[in-house]
Amino acid sequence: MGRPDPEEGHLPAPVKPPDGGWGWIVLLGCFVITGFSYAFPKAVSVYFKELMKDFHVGYSDTAWISSIMLAMLYGTGPVCSIMVNQFGCRPVMLIGGLLASAGMILASFTTNIIELYLTAGVLTGLGMALNFQPSLIMLGTYFDKRRPLANGLAAAGSPVFLSSLSPLGQVLLEKFGWRGGFLIMGGLLLNCCTCGAVMRPLDMGMKRKMGKAQDKYEAKEMLPIGGKSEEGISTSDGTKKGKKAKKKPKKGKKLLDFSIFSNRGFIIYTISKFILVLGLFVPPILLVNYAKDTGVPDTEAAFLLSIIGFIDIFARPACGMVAGLKWVRPHVAYLFSFSMLFNGLTDICSARASNYTGLVIFCVFFGISYGMVGALQFEVLMAIVGSQKFSSAIGLVLLIEAFAVLIGPPSAGRLVDALKNYEVIFYLAGSEVVLSALFLGVASYCCLNRGKKEPPPENNPSAGGGSDTEEAESDVQETEEHSSNNHQPAHSTDNAMVAANEEPNHVAEEQSGEGGGCPAGDGEVLARDGCNADQMVERDSF
């Protein structure tokens with residue numbers, strides 16, 4: 001008897017993702033955060049010419065601002081994971097929004113390029129990193145069955161914000177100068193704090209619901225229910241105290257879980273992602289200059305990036321919807337491999353494009369494949385490691401990707417300066433992407449499929465993407481069954497206890513006649529009356 005105590009394990013440990021409700025607000029916040037994180041470093045390039053004039057530096061010097069932002073976004077992944085595991089997502093995002101805004105506001109008062117590196121580069125980049133990673137973790141917490149669609153919609157924030165922040169930056173530059181533009185952009189980044197404020201922990205909502213249910217149950221218990229029932233309640237309370245005394249101390253949560261490296265799927269994903277990043281960002285970076293060298297006017301060359309962004313906006317949600325289909329989701333890793341193969345072959349086939357029409361066709365197919373990659377990259381990682389270890393996994397993956405970001409595009413730029421030939425660069429970038437696709441597909445088929453034939457070890461995360469829901473549903477079902485047994489009406493409990501006191505011999509005969517099995521009834525009361533716990537577990541599982 002008595003109300004369910006969370007400390008006794010009556011409440012489900014993993015909370016079932018609602019796949020909706022407040023999760024849509026969380027998705028909107030993740031959409032905004034993703035847009036700022038990926039688009040802001042590129043949108044800042046609008047101010048580079050004015051910075052070159054004021055500080056008397058070259059283009060490569062100002063380009064380091066965007067590079068430092070991206071390096072902070074990727075390289076501080078483990079730091080973000082540690083902070084999230086220690087303090088939670090919402091406080092980290094609030095601090096990140098303040099840092100990102102403060103960095104741009106302070107940058108508007110700088111007097112040299114080094115101060116810009118420290119403010120707009122390091123401080124703003126760190127702030128966006130502290131927002132980006134926790135937002136993805138919260139998205140995986142609120143969505144499971146609809147998670148592929150949610151990831152696709154959130155990833156669409158990148159092209160949407162890129163197509164809006166760049167024109168906005170140009171308008172601010174013309175009206176207020178680069179200092180006024182930085183100041184206003186810093187104010188816009190305060191919206192990250194708003195997005196962080198809506199990232200309500202999922203267990204908090206569950207605690208409120210359970211609290212209301214417990215209050216209603218307490219009101220029922222306060223009704224007069226007879227002496228024998230009160231004795232049963234006091235006996236239950238005494239048993240509760242004994243259980244609390246025997247309860248083991250909780251283990252501290254790991255700040256950074258390195259046990260994910262024992263997961264073969266995570267190792268395969270990390271290696272393929274490193275190879276992918278080496279060539280994925282090279283074509284869009286060199287596309288405008290490549291078009292200009294082939295004789296395309298400047299305005300038409302710049303419009304090519306707009307084509308990629310426009311296609312990307314629709315490709316990401318569409319790919320998320322496809323990945324969420326029942327017959328596709330168990331094989332989402334292979335869909336991700338196909339998207340990378342599609343992207344790499346697009347680079348290779350367009351290497352010899354010599355006119356504007358060929359470049360437009362390349363941009364259409366590149367936008368589709370690039371959107372597919374962007375929509376699936378984090379969905380595949382969530383499916384491999386599960387939501388419980390995702391905070392550590394994404395931090396380590398982003399750190400490894402940071403090295404690839406610092407190697408790939410700069411190396412491609414040096415090859416262009418040395419060879420004066422863009423065709424070789426497109427072949428090289430496409431080959432790297434194709435290699436990553438083949439490695440992911442072949443390694444997943446050979447290693448993971450063979451591992452499924454063997455008996456899986458305990459707590460082995462599934463690559464199918466549905467294990468979190470099944471575990472949560474089973475826990476919730478067990479809890480509801482246990483709670484329904486404990487929450488019988490007072491008068492029926494009173495009658496049952498009276499009958500038990502009047503006919504003890506009859507109950508004993510039934511137990512002996514059934515071979516010592518437990519009679520149907522309240523599991524907790526039967527356990528106190530001498531029923532073996534193993535027999536209870538066996539009966540429940542049966």
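Including glycine, each Cβ sits where the backbone N, Cα and C put it.
TrEMBL lists 21-40, 63-84, 91-110, 116-137, 181-202, 266-291, 303-325, 332-353, 359-378, 390-412, 424-448 with the feature transmembrane segment. What TrEMBL records for 23-448 is domain 'Major facilitator superfamily (MFS) profile'. Taken from TrEMBL, the feature region 'Disordered' applies to 228-248, 453-542. Residues or ranges marked as compositional bias 'Acidic residues' in TrEMBL: 468-478. Under the heading compositional bias 'Polar residues', TrEMBL lists 485-495.
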Same chain, outside the transmembrane segment (359-378) by at least 6, Cβ under 8 Å from its Cβ: which residues? 136, 148, 151-152, 155, 158-159, 273, 276, 280, 283-284, 287, 290-291, 294, 296, 304-305, 307-320, 323, 332, 335-336, 339-340, 342-343, 346-347, 349-350, 353, 394
Would you kindly check 181-202, 303-325, 390-412, 424-448 and say which stretch has the most C-beta pairs under 8 angstroms to the transmembrane segment (332-353)? 424-448
Under 8 Å, at least 3 Cβ pairs, sequence separation 6 or more: does that hold for the transmembrane segment (116-137) versus the transmembrane segment (424-448)? no
Would you call the transmembrane segment (303-325) and the transmembrane segment (266-291) in contact, using three or more Cβ pairs under 8 Å, pairs 6 or more apart in sequence? yes
By Cβ distance under 8 Å, which residues at least 6 away from the ends of the transmembrane segment (266-291) in the same chain are close to it? 260, 300-302, 304-305, 308, 333, 337, 340, 343-344, 347, 356, 359, 363, 366, 370, 373, 377, 380-381, 384-385, 393, 396-397, 400-401, 403-405, 407-409, 412-413, 416, 422, 425-426, 428-433, 435-437, 439-440, 443-444, 447-448
Does the structure show the transmembrane segment (63-84) and the transmembrane segment (424-448) touching, where I'm treating 3 or more Cβ pairs under 8 angstroms (sequence separation 6 or more) as a contact? no
Folded-back contacts onto the transmembrane segment (390-412), same chain, C-beta under 8 angstroms, at least six residues removed: 70-71, 73-82, 84-85, 133, 136-137, 140, 254, 256-258, 260, 266, 269-270, 273-282, 285-286, 378, 381-382, 384, 425, 428-429, 432
Beyond the flanks of the transmembrane segment (91-110) by at least 6 residues, Cβ under 8 Å: 33, 36, 80, 83-84, 116, 119-120, 122-131, 134-135, 179-180, 182-183, 185-187, 189-197, 199
Taking a Cβ cut-off under 8 Å, which residues six or more beyond the ends of the transmembrane segment (424-448) line up next to it in the same chain? 264-265, 268-269, 271-276, 278-280, 282-283, 286, 290, 333-334, 336-341, 343-348, 350-351, 408, 412, 415-416, 463
